[in-house]
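S.K.: Right, I'll just put the structure down here and ask away after.
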Amino acid sequence: LFQMGGRSRFLVLSRRLVDQSINRVLPSVSTLPSSSSFSFPTGRRTIHTSTPALARFRTTTPPPLKEIGVMLTPTEGIYSAGQLFVHRLFAYKGIILCGFKTNVNEKVESSKEIIRRDEMQYQVLIHRGDWATMGFPVDLTAYLSEPNSYSNRGERVLTTMTGLDCVSHGDIIPFAGSERLPIDHDLFDRIFHASEAASETQQAEAGGVPAVRYTIRNEIRPFYISSTRSWMAPCHVNREITEGIEVTVTTFYLGTTLNGGQPKHMWRYLMRLNNLSGSTVIVRERHLKVFSLNSMHQLNGHGVIGRQPELTAARPAFQFSSNVDLPQSKGGNMWGTFKMERENGQAFDVQIPHFHLDTPLSDSPLPPIVPPPPPSTSPTVPSP
C-alpha cells in the first residue's frame with residue numbers, strides 16, 4: 001500500500017517477483033490507528049508507512065508495480081457480495097460471493113475454557129494470477145454433484161472446484177477496484193456484473209476516484225438463496241493455539257450419497273495452521289481420530305496432503321481441505337495432533353481442536369447473506 005496523491009492505493013508486485021517479494025503479513029487492520037506515521041516489524045525487516053492504512057509488500061529491489069484499487073476502511077459490519085479484498089495472511093486478491101454467520105468455538109491456550117461467539121465467514125473467488133503463489137492447494141472446495149438422472153442408485157460424485165476459499169471476517173482487507181474485470185476466474189463473468197459506482201458516497205469511499213461496483217447478476221441470484229446449496233455454509237469453526245501455533249478447523253456438511261446401496265453422510269473440513277511464534281517450524285506428521293457409532297479409527301500420515309509445510313515468519317500459514325464420510329448423520333467427532341519440528345530439531349505436538357460431525361439443525365440452512373438487487377436493472381446475459 002502506498003500514498004499517492006493524498007489517497008491510499010493498493011499496488012501489487014509483478015507476478016514473477018511476488019513469491020520472493022512478499023514479506024510478513026501485518027496484523028489485522030482493525031487494530032491499527034487511522035492516521036499518522038507507524039513502523040511495523042516484519043521478520044528481520046521494517047516496513048514504514050505514513051498513510052492511514054497498511055504497508056503490504058517489501059522488496060530489496062523495487063519491482064514493477066500495478067495499481068489495483070483504493071483501500072477502504074475495514075468494517076465491523078457485514079461485507080456484501082462483490083466486495084474486493086486482499087487476504088490478510090495469504091495475500092491473494094479475491095471477491096466475496098456470499099457470507100454466513102457461523103458459530104466459533106475458541107479454546108484458550110493452557111486452559112479448558114472455550115469462548116463461543118458468532119463470526120462472519122465468506123465464500124470467495126480467488127484471482128487466478130495468485131494461485132501459484134498463495135501457498136496452499138487451489139482445489140480446496142468440494143461438493144456432492146446431483147445424482148445421475150439415468151441412474152436410480154442415488155449415487156452422487158464428489159466434485160472439486162478450483163479457486164474458491166472460505167475466509168473469516170478478520171482476514172478481509174477491503175478495497176475498491178477500478179477495473180471492470182478485476183478477478184481472473186472462470187466464474188467471475190457468470191456471477192458478477194460490473195457498473196460504475198452510482199452514488200457520491202461510493203465515490204467518496206473510493207477516495208473520489210472512479211470506482212467500479214460489482215453486483216450479482218439477477219439471473220444468478222436464485223442460486224445463492226437456494227437451500228440445495230447448503231454445502232457452501234460452514235457448520236462451525238473451532239480454533240486452538242498450542243505453543244504459538246494456531247489451528248483452525250471449519251466444517252461443511254456436503255449431504256448424503258449411496259455407497260454400495262448404503263447411505264453415507266459426508267463432511268468437508270478445512271484446516272489452517274498459523275505460526276504466531278515468529279520462529280520457523282515444519283509440519284512433520286498428522287494424527288487424527290474419528291469416532292462414530294461406538295467405533296474409532298485413525299488417520300495418520302507424514303505431513304499433510306503429501307507435503308511437509310514449513311511455516312516461517314515470511315510465510316506463517318498453510319491450509320488444506322479433506323473429506324470424511326460416516327454412516328450416521330449425528331454423533332461424529334474428530335480430534336488429533338500435528339507433530340511439529342523446530343529449527344533446532346526439537347519436536348513438539350500441536351493440538352487439533354475437537355470438532356463435531358453433525359448435520360445442521362436443518363438440511364436447509366439459512367440462505368447466505370447477499371445484498372438486495374440494485375435499483376437499476378442490469379443487462380441480462382445468458383448463462384454460458
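In case you wondered, yes, glycine gets a Cβ from its N, Cα and C as well.
Reproduced below are the annotations present in TrEMBL:
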| type | residues | note |
| --- | --- | --- |
| DOMAIN | 239-364 | domain 'ApaG' |
| REGION | 361-384 | region 'Disordered' |
| COMPBIAS | 365-384 | compositional bias 'Pro residues' |
S.K.: So what's the average pLDDT for the domain 'ApaG' (239-364)?
M.R.: 91
S.K.: Write out how many residues of the domain 'ApaG' (239-364) are helix, how many strand and how many coil, based on DSSP.
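M.R.: Across the domain 'ApaG' (239-364), DSSP assigns the residues as follows: 0 helix, 89 strand, 37 coil.
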